[in-house]
Amino acid sequence: MCGIAGFVTARGEAEGPVLQKMLARIAHRGPDGQGVFVEGRAALGHRRLAIIDLDGGPQPMFNEDGRLAVVFNGEIYNYQALTAELQAAGHTFATRSDTEVLLHGWEEWGRALLPRLRGMFAFALWDRQTGTLFCARDAFGIKPLYYYQAADGTLLFASEIKAFLDHPAFEKQLNESQLELYLSFQYSPGEETFFRGVKKLLPAHCLTFDGNDLRIERWWQADFAPEQSPTDWPEAIDGIMQDSVAAHKIADVEVAGFLSGGVDSSYITSLARPARCYTIGYAEEGYDEAGEAAQLARVLGIENRVRRITPEEFWDAIPAVQYHMDEPLADAAAVALYFLNKEAARDVKVCLSGEGADEFFAGYNIYKEPFTAVWYDRLPAGLRRFLGSIAQRLPAMPGINFLVRRAQPLWQRYYGNTALLTERQKRRLLRHNYHSVLPFDLARPYWQASTGLDPVTRMQWCDLHLWLAGDILLKADKMSMAHSLELRVPFLDREVFALARRLPPDAKADARRTKKALRAAAALRLPRPSAQRKKRGFPVPVRDWLRQPAYAARVRAAFDSPAAARFFQVRQLHILLDRHLRRRQDNWRQIFCIYCFLVWYEQFFGSDAA
């Protein structure tokens, strides 16, 4: 895993010193070496974290005749099989690196290479003969890639937005319209970013630029097609997960693991049996999963190291977390991951983690919603809308939120695993209406594409395209790379998805359980308590910490900042905080969301900005 950056000018020569500055911004992604290619209009750069072929894999890498140059971030787990196939077709390999597969695969298959790749990737390939840049991102968005076209036509690309800050053609401007969406999702969804003109290359998309035309195309479409066949799903899942974990362990360095009390990481750990694993813990009762993790590690005979986070260091780390994320993220688990990766990076370069299981196998508690309180959904729609309109005017609490949500059709109330501020709340808190699209408008294409499927599968479809790529995987990449650690995610494998997409509704969730088939598969290898433990979702005690004077004071200071006055009704911010402090409302997620935005804003647009 590494970091890449570069640019192609529309006219004029590319400048090497500019590329060097861009790479310096992302040096944390690859401390083992740097490589650059600057020629004519093109500049490609690479920061290396050496994992496979430690001596023979420096980049940029070239094909035999030097026509193609590539910089690559990620891992191709089936590179050995592809190497053999390409050698049989007459290609000669100079290294044992998975990077070289991209060059010869492009020569042999062109864009048809992409669906053959089993792994995580974001790469840029320059054709010196045609003067064309081609970039691509993996199917699920495990590895990030951003691009920006400047006013003079220059195209910039990088693993992180901050690499653009040192390019003279980049104009750093805030994209204020993204704020409203962020306040709904807790992350920056879709292809737009908080930097005007900077876009994410979406998962399973590719980019082509010849100096004049910029084309963005989808190269693969994830979809679900539930079957009713009498397959032994637990056995099938266990078989494919054994294969995926084995593929994800391929490396020339030690591969360790992350272990919480949940079934996902426990199952991965039981299959991988790494020599050691790492766990996050807290002193606060009800949030600490270290005990369950330590117990399982003893059963499996694995060394387990626990990193306990204090509230002081949690709050101190938020500026660094927001800087490394590039865009504001109000997921408290990102801070926990920051410390977990930092701890692991003291010993190893690679860890396995359990991201993706919830989206593939229906693990979120909200997936139980279609099976709960069905009696209420049978009430006349007009009555439900009436009760919901009354509830919207009352203070937020679980029972009130139930009435508001159930007044809406599923496609309108569900636009992701996290739904934060309502449109009414945003109008009260924001100084301006930024006229951004509504959250459910962003989710609408995924609901339309899944027409005819059961409600849980439709929710999975939405989360796969929005929540997984926009929050889960982005924080996994940015928090691991902040400490030069490669995070591998065996659930997010093309072969695993090929099976998961076929799961019937009754193998997913019901009113009491989630991930039914996956838990049954895990039970083949884990003690029953580990396989059946209820999902807790990487809990962090922010709710409690916000009611402590020292940390509430930090938030209040941010709410009194010039940035807060620019975007928000400051009085309403303090009301939100005061009601939480007095336990009149549970507003911690809304408060934390606004606080993280303000901290991020200071990092990139404040007086001491990057």
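Every residue, even glycine, has its Cβ placed from backbone N, Cα and C.
Feature annotation from TrEMBL assigns active site, for GATase activity to CYS2. Of all Cβ atoms in the shown protein chains, 30 besides its own fall within 10 Å of the Cβ of CYS2 (active site, for GATase activity).
Annotation comment: TrEMBL describes 2-212 as domain 'Glutamine amidotransferase type-2'. Summarising model confidence by region, the domain 'Glutamine amidotransferase type-2' (2-212) averages a pLDDT of 96.
A 10 Å cutoff on Cβ-Cβ distances gives ASP98 (L-glutamine binding site) a total of 25 other Cβ atoms nearby, all chains included. Sequence annotations record features per position, and here TrEMBL assigns L-glutamine binding site to ASP98.
For ILE280, SER353, GLY354, the entry in TrEMBL reads ATP binding site.
The annotation site 'Important for beta-aspartyl-AMP intermediate formation' is assigned in TrEMBL to GLU355. Under DSSP, GLU355 (site 'Important for beta-aspartyl-AMP intermediate formation') is assigned to coil, being neither helix nor strand in the three-state scheme.
Residue pair ASP98 (L-glutamine binding site) / GLY354 (ATP binding site) shows a Cα separation of 23 Å. Listed in sequence order, ASP264, LEU468, ILE472, LEU473, ALA476, VAL489, PHE491, LEU492 are the same-chain residues at least 6 apart in sequence whose CB falls under 8 Å from the CB of GLU355 (site 'Important for beta-aspartyl-AMP intermediate formation'). Taking every pair among ILE280, SER353, GLY354, the residues listed as contacting ATP, the largest Cα to Cα separation comes to 14 Å.
Across the fold, the C-alpha of SER353 (ATP binding site) and the C-alpha of CYS2 (active site, for GATase activity) stand 18 Å from each other. The C-beta environment of GLY354 (ATP binding site), restricted to residues of the same chain at least 6 apart in sequence and closer than 8 Å, consists of PHE258, SER260, GLY262, ASP264, SER265, TYR267, ILE268, VAL489, PHE491. The Cβ neighbour count for ILE280 (ATP binding site), using a 10 Å radius and every protein chain shown, is 26.
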